[in-house]
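My questions all concern the structure below.
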Amino acid sequence: MRKKIVAGNWKMNMNLQDGVALAKELNDTLTAQKPNCGVIICTPFIHLASIAQFLDQSVIGLGAENCADKEKGAYTGEVSAEMVKSTGAQYVIIGHSERRGYYNDTPEVLKEKVLLALKNGLKVIFCIGESLEEREANKQNEVVKAELEGSVFNLSAEEFKNIIVAYEPIWAIGTGKTATADQAEEIHAYIRSVIADKYGKEVADDTTILYGGSCKASNAPELFAKPDIDGGLIGGASLKAADFKGIIDAR
Ligand code: PGA
């Protein structure tokens, strides 16, 4: 059966000291009282090596928020999938709408990033989701399908088992506007059906599909009660241990 997961996406928040302190607090809390779902924290690159030293990764997985689309070499300022892996991290977020929107991560670029992440033994949290304009034009299904086709449906079924999908409607990210549980369930079920068409029912049933976008302790129970919502990718509410724990407890 697929894994239930609550993952944090710190984005560009927390200096090294504050990030280490937050990870320590989470580590202490969750090792003392084991969560009944998988928990992952995805942090800026600079935190990874320090946090990996003390994090009990049997309880909290560690991931990056991005990686380069090139293997190595003269790409000033970039961080490769191999470098991420060498810190002790096990996951990487690829295709977040902020990367697509602000940094021109095209489907082709994302496809390369996914391949390099998998090649280096990282599991990928692959983000998809429509804009408000696309939702208002009722194009959300075709958008998410195209995003999967554009960057991950080139993978074999075996490779695809290392992909966690995160559905994040862009209009709900950081806006306080959450998709209703019914809206989210409808598209999660659709995403699972698209995966089933491509890889078969068994792979689709085993794929973890997270919801992201203004998810917090107050709305998580309703979202997580839906059969195709396997957990959450949490931005703002992952920056305080108590808030994040509230969501973990809802799973
Ligand atoms: P949010 O961000 O929870 O702050 O809306 C979610 C995300 O972008 O991953």
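Using N, Cα and C of the backbone, Cβ positions are placed for all residues, glycine too.
Since this is a predicted model, take the numbers as computed values, not measurements.
Just lifted these from TrEMBL, have a look:
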BINDING   Asn9, Trp10, Lys11, Gly174, Ser214, Gly235, Gly236  substrate binding site
ACT_SITE  His96  active site, electrophile
ACT_SITE  Glu168  active site, proton acceptor
Please go through the binding-site residues Asn9, Trp10, Lys11, Ser214, Gly236 one by one and keep those whose C-beta falls under 6 A from any atom of ligand 1; give the result in sequence order.
Asn9, Ser214, Gly236
Among the recorded positions Lys11, His96, which residue has the largest number of other Cβ atoms within 10 Å of its own Cβ?
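Comparing the recorded positions Lys11, His96, the most crowded Cβ belongs to His96.
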Neighbourhood of the substrate site (Asn9, Trp10, Lys11, Gly174, Ser214, Gly235, Gly236): other residues with Cβ within 8 Å of the Cβ centroid, in order?
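Checked against the 8 Å cutoff, the neighbours are Asn13, Ile173, Ile234, Ala237, Ser238, Leu239.
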How many whole Å apart are the CA atoms of His96 (active site, electrophile) and the residue listed as 'active site, proton acceptor'?
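Between the Cα atoms of His96 (active site, electrophile) and the residue listed as 'active site, proton acceptor', the distance comes to 8 Å.
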State which of the following binding-site residues has the fewest other Cβ atoms within 10 Å around its Cβ: Gly174, Gly235, Gly236.
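Output over binding-site residues Gly174, Gly235, Gly236: least Cβ neighbours within 10 Å is Gly174.
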Other Cβ atoms within 10 Å is the metric here; tell me which of the binding-site residues Asn9, Ser214 scores highest.
Asn9
Quick one: what's DSSP say for His96 (active site, electrophile), helix, strand or coil?
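In the DSSP reduction, His96 (active site, electrophile) maps to coil.
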May I ask for the distance between Trp10 (substrate binding site) and the residue listed as 'active site, proton acceptor', taken between their Cα atoms and rounded to an integer number of Å?
15
Drop a 10 Å sphere on every Cβ of the recorded positions Trp10, Glu168 and tell me which sphere holds the fewest other Cβ atoms.
Trp10
